[in-house]
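Student: Quick one: this structure, given as structure tokens, is what I'll be asking you about.
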Amino acid sequence: MVFKAHHRSITRQDIELEDLENAPASIASIENDTLEANVGSTPLTAKQKRNIYFLILLYLIQGVPMGLVRGSIPYFLKPNVSYSDLATYSLAAYPYSLKVLWSPIVDTYYCRSFGRRKTWVVPCMLLISSTLLLFSYNVDTWISKGSSYINSFTTWSFLLVFVCATQDIAVDGWSLNMLNPEQLSYASTAQTVGLNTGFFLSFTILLVFTSPEFANTFIRSIPSNEGLITLSGYIKFWAYFTFIASVLVCFWDESNHQEIANISDMWKTIRAALSLKNMRQLLIVHTLGKVGFVANETLTLLKATEFGLSNEMLSLIILINFPLGLALGVYTGRISNYRPLDIWLKGYWGRVVSILLNTILVYMVSNWKHRFPVFFPIFLCYTLNASFSTIQFVALGVFHSKISDPHIGGTYMTILNTLSNLGGSWPQYVMLRMADLLTVSSCSTAPHLTCSADAQKKECQALGGTCLYKRDGYYLTSIVGIFLAISICVSLITPVVRRLTKAPISSWHIHSKIAETYT
């Protein structure tokens, strides 16, 4: 049966007498409770290692569908859609940015005999499995129709991301109970390895093995028009794999069971958490921290493919970067125990440099593509961008794990991750639409063709014409992004990061209001 705890949650207006009596001790403990304290490294037990591998598996299950939605599907769609269609498709990622709305339900309602987290993880995995299986029978048709089916793609992807986001709430909360407080940085490492591996499989590996050119060049002796695998077959495989993994989760021991507040109190807890001064300042970092990057990072590789970079070469670039990303993620997780936001800030400035290099690269390739070597400059720019993105992602994950209140672990981590995901979702739609609206192009022999999609460009070439760009929205949005990234960081983000780095960990917890009120 479903169990719902009825303990009272603590807010600024609702403080228990026994808490006030213990407040002086709490105040004294805060003195050494700071993010600058390096917790050191404690050896992992065999059970904790198993838990880390288990977390990697759960995050892998999330990473595979997210790699499809955020990685390979836009590339399969690109020949038949415009930037505006891609902007519409980007809305599918919004459940990750809105999951805080239903996180209290995930944290509050569960089957006590089955397990607080397994109650949600197992059904979510089964839904992911069934959704992938159904989609595998329609994906080829939707891709071939392009813009005509963009709404179907977006709707399916939205539902899939919604289920993944719900699972993420439960897994984030579960990770806080699997490891000791001084080892929580491993949770961020597990998340990085799992999500990156899933994304890598659904992006790089998928693009390579669905490519007929790759198979004909390196593997087959007799050429064929099909790759080694099909997109529908790949999706079907992961549907079955996820189902099998869900059976494993059913038998996994879930310890450290905690009874929690009812859903009404959980909503009050969210409101109390969002009312924290630190949280309001962190909101600035999250909502504005990716404004300058999303459009450039999304469009640069797509522009490179327009100028002759094949999907095979793109996959090779990402393939080479994959082990680097994993190693860098593990290393960043270790060094981020001490002042993780400082590490994040260094990654921010690195990304500013990388998007500037991206813009210069695209300009050079577009003007001298017959004399300019495409692969190595793109490889360098992608490596820089991916490395700094990984540094930011892992450092922020460590920071979230350190400041999260274990009493409401799933909900608190969801609040933090929601703020982070929202910062990457809302500017993407705006900037992609801007890039499309600012682009003015036409075909030299058929002015009615706008060359907004690859299919129109091929049609223009078939008519004996070339695409003429009076204005390319890519450069304008990139320049605007660079300006926003620098100005926002200097005026807002850097001062906030300096303040948050010095804040005690207890000041992030709801119960810290007890000591604050007592004093």
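Even glycines carry a Cβ here, placed using N, Cα and C.
Straight from Swiss-Prot, here's the annotation block:
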- 52-72: transmembrane segment (TRANSMEM)
- 86-106: transmembrane segment (TRANSMEM)
- 119-139: transmembrane segment (TRANSMEM)
- 156-176: transmembrane segment (TRANSMEM)
- 199-219: transmembrane segment (TRANSMEM)
- 231-251: transmembrane segment (TRANSMEM)
- 313-333: transmembrane segment (TRANSMEM)
- 343-363: transmembrane segment (TRANSMEM)
- 374-394: transmembrane segment (TRANSMEM)
- 408-430: transmembrane segment (TRANSMEM)
- 477-497: transmembrane segment (TRANSMEM)
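Structural setting of the listed features?
Tutor: Same-chain residues lying 6+ beyond the ends of the transmembrane segment (52-72) with a Cβ under 8 Å from its Cβ atoms: 44, 92-93, 121, 125, 128, 132, 157, 160-161, 164, 167-168, 171, 174-175, 178-179, 186-187, 189-191, 193-203, 206-207, 231, 235, 238, 242, 245, 248-249, 252.
Sequence-remote contacts of a segment are chain residues at least 6 beyond its ends whose Cβ falls under 8 Å from one of its Cβ atoms, and for the transmembrane segment (86-106) they are 69-70, 73-74, 77-78, 120, 150-151, 153-154, 157-158, 160-162, 164-166, 168-170, 173, 263, 266-267, 269-270, 298, 410-411, 414-415, 417-418, 421-422, 424-426, 428-429, 432-433, 436.
Residues 55, 58-59, 61-62, 65-66, 68-69, 73, 89, 91-96, 98-99, 102-103, 106-107, 116-117, 119-121, 124-125, 127-128, 131-132, 135, 138, 184, 187, 190-191, 254, 401, 404, 406, 409-411, 413-414, 417 of the same chain sit 6 or more residues outside the transmembrane segment (156-176) yet have a Cβ under 8 Å from a Cβ within it.
Note on the transmembrane segment (477-497): residues 281-282, 284-285, 288-289, 291-296, 299, 341-342, 344-345, 348-349, 351-352, 355-356, 358-359, 431, 434-435, 438 of its chain, located 6 or more positions outside it, place their CB under 8 angstroms from a CB of the stretch.
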Student: Mind checking which residues reach the transmembrane segment (119-139)? Cβ under 8 Å, same chain, six or more beyond either end.
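Tutor: Same-chain contacts beyond the ends: 58, 61, 65, 106, 109-111, 152, 156, 159-160, 163-164, 166-167, 169-171, 174, 231-233, 235-236, 238-240, 242-243, 245-246, 249-250.
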Student: Among the recorded stretches 313-333, 343-363, 374-394, 408-430, which has the greatest number of Cβ pairs closer than 8 Å to the transmembrane segment (199-219)?
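Tutor: It is 313-333, which has the most Cβ pairs under 8 Å.
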Student: Cβ pairs under 8 Å only, please: of the recorded stretches 313-333, 374-394, 408-430, which one is richest in them relative to the transmembrane segment (343-363)?
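Tutor: Going through each listed stretch, the top one turns out to be 374-394.
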Student: Near the transmembrane segment (313-333), which same-chain residues lie under 8 Å Cβ to Cβ, leaving out any that are not at least 6 residues past its ends?
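Tutor: Hits for the transmembrane segment (313-333): 75, 185-186, 188-189, 192-193, 196-197, 200, 203-205, 207-208, 211, 214, 301, 304-305, 343, 374-375, 378-379, 382-383, 386-387, 390-391, 393-395, 397-398.
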